[in-house]
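Student: Below are the features I grabbed from TrEMBL:
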type: TRANSMEM; residues: 21-41; note: transmembrane segment
type: DOMAIN; residues: 28-498; note: domain 'Major facilitator superfamily (MFS) profile'
type: TRANSMEM; residues: 85-102; note: transmembrane segment
type: TRANSMEM; residues: 114-136; note: transmembrane segment
type: TRANSMEM; residues: 142-160; note: transmembrane segment
type: TRANSMEM; residues: 172-192; note: transmembrane segment
type: TRANSMEM; residues: 204-223; note: transmembrane segment
type: TRANSMEM; residues: 313-331; note: transmembrane segment
type: TRANSMEM; residues: 337-358; note: transmembrane segment
type: TRANSMEM; residues: 365-388; note: transmembrane segment
type: TRANSMEM; residues: 400-427; note: transmembrane segment
type: TRANSMEM; residues: 448-464; note: transmembrane segment
type: TRANSMEM; residues: 476-494; note: transmembrane segment
Amino acid sequence: MPGGGVVITGTTDTSRIEAPVTVKAYFICAFAAFGGIFFGYDTGWMGGVLAMPYFIRQYTGKPYPAAGDTVAKAAFHLPASDQSLTTSILSCGTFFGALIAGDLADAIGRRTTIIAGCGIFTIGCILEIASTGLGLMVPGRLIAGVGVGFISAIVILYMSEIAPKKVRGAVVSGYQFCITIGILLANCVVYATQNRDDTGSYRIPIGIQFLWAVILAIGLFILPESPRYYVKKGKLEKAAKALASVRGQPIDSDYIQDELAEIIANHEYEMQVIPQTTWIGSWANCFRGSIFKGVSNSRRTTVGILMQMMQQLTGINFIFYFGTVFFTSLGTISNPFLITLITTLVNVCSTPISFWAVERFGRRTLLIVGASGMVIMQFIVGIIGVTAGKEQGTKTNHAAVSAMVAFICFNISFFAATWGPCAWVVIGEIFPIPIRSRGVGISTSSNWFWNCIIAVITPYLVGTSPGDANLGAKVFFLWGSLCCLSLAFAYFFVPETKGLSLEQVDKMMEESNARHSAKWVPHSTFAHEMGLTKKGVSISGTNADIKAAVIQHEAETKNETDL
Ligand code: BGC
């Protein structure tokens, strides 16, 4: 668009508000999903490292227990408080990281925030690698956590903003797929290094993470910024360039102009509804309006927070964090790595189902089906656990235990194909542009907050020490009941956003409610409503010029009505 001065006018045709997409453009969108590897890998390696003999000896100063010395063997571990601290401190960092990143992504851009996240993560990694005691490991985990928080929130935001509407759900599900691969990789690396009698045992798994940081940072350095960020900043020429790049279309094509006009018009519309105020005021904007009104900001923020909370309360991380201990306690399986491998593999292999299902059936349907499936699977596990699977003296019912393991795997499959990806897809789509980055940040923080709560409380739920709840297989009744809540939440509160542009989602939430949202069809464009189809805006202009065009349109419309 040399020299600027081009006036774009937008379209009244609802089918033309997004440019067609080339294969190259699909790759651009898919690359960002790589950020999920951080998330998965970083949550995946700690459990294994905490159980490594070399690591335990170095941190506790205890000698390796002699073969056959069962007492020394039982005492050869890190104190529970240290284990809890090193595990949960990551969630603490990610919680704050996601919140800060929401703010930063509006100030310095989505891409730059993700690259900054990679930088912070690298500093945390260096401290973790250098550590020979908790003194450095804990701050390292905290700092790396802040980086993961940046990445986990803003990758979702970035992907949702650049992905074409037809495949946005599938592309964001790719992020979840990368999370699952990250968890699997972490488990494999930890397995390969666990018996080394040197610092390589824990330094290698930690060090491998540098690779993820370098790949993501370099990749994003090359990728374009989100055009919606530029529109928010009033940099329309840059927005046009970025949009042309992510759609793989010439910058002066009608398609790019129509799509850009729609994004600009929607932004203008939202700016009228959500006035920009001070820094505190803009945070308060996330909670404006009545929670009972489907379109209000407070409602959208609450749905984002609850969405991620319910995802964690499905109990999936009970299986990933404590599955090994639980399966071993059932008495028939002696190789903990095998169990971990099976559960993580089921998770990886089931996630791609969502690529297709999320666009075929929609987010809402998937969430409802997924929650129903998990309720059934978890109750079956609980029922077998308290009946046929119950310990009877020294005898173990092998068939019952195998059945429990099978149903737990089905449960993982349901999660991986539904709530795993959809929770991320939905939070990337439900917020209007003025509060989108903060909304996604707050929702992601909720994920990490509940992730931490689960990590801290579950050992007590299934623990057998005095004072522990010692629930055993009954814990699945708890998760099953919580999945009933997730089901109700999805049915009453989650709107269907499949196939709509982010701007159309905004309109749908205004005109429909969650239960009827799937039937809503776009009937007008923001460009038309805001008068851009008549007047247009100069993309070398500023936000003030756009405002002037919009105000003029409103005055004209009012005159026409008065006449
Ligand atoms: C969740 C994680 C979970 C992972 C399992 C993610 O969507 O947020 O807490 O460990 O899925 O695949």
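Cβ atoms here come from the backbone N, Cα and C positions, even for glycine.
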Student: Please figure out which one of 21-41, 85-102, 142-160, 365-388, 400-427 racks up the most CB pairs under 8 Å against the transmembrane segment (313-331).
Tutor: 400-427
Student: Please give the sequence-distant neighbours of the transmembrane segment (476-494): residues at least 6 beyond its ends with Cβ less than 8 Å from one of its Cβ atoms.
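Tutor: For the transmembrane segment (476-494), the far contacts come to 303, 306-307, 310-311, 313-315, 318, 363-364, 367-368, 371-372, 374-375, 378-379, 381-382, 385, 419, 426, 461, 514-515.
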Student: Let me spell it out: take the transmembrane segment (337-358), skip the flanking residues so only those 6+ beyond its ends count, and list any with a Cβ under 8 Å from a Cβ in it.
Tutor: 44, 169-170, 173-174, 176-177, 180-181, 183-184, 187-188, 191, 319-320, 323-324, 327-328, 366, 405, 408-409, 412-418, 420-422, 425, 498
Student: When you scan the chain for residues with a C-beta under 8 Å from the transmembrane segment (400-427), skipping those not six or more beyond its ends, what do you find?
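Tutor: Non-local partners: 156, 160, 168-169, 172-173, 175-177, 179-180, 303-304, 307-308, 310-311, 314, 316, 319, 323, 327, 330-333, 339, 342-343, 346-348, 350-351, 353-354, 357-358, 363, 366-367, 369-371, 373-374, 377-378, 380-381, 384-385, 387-389, 439-440, 443-444, 447, 473, 486, 494, 497.
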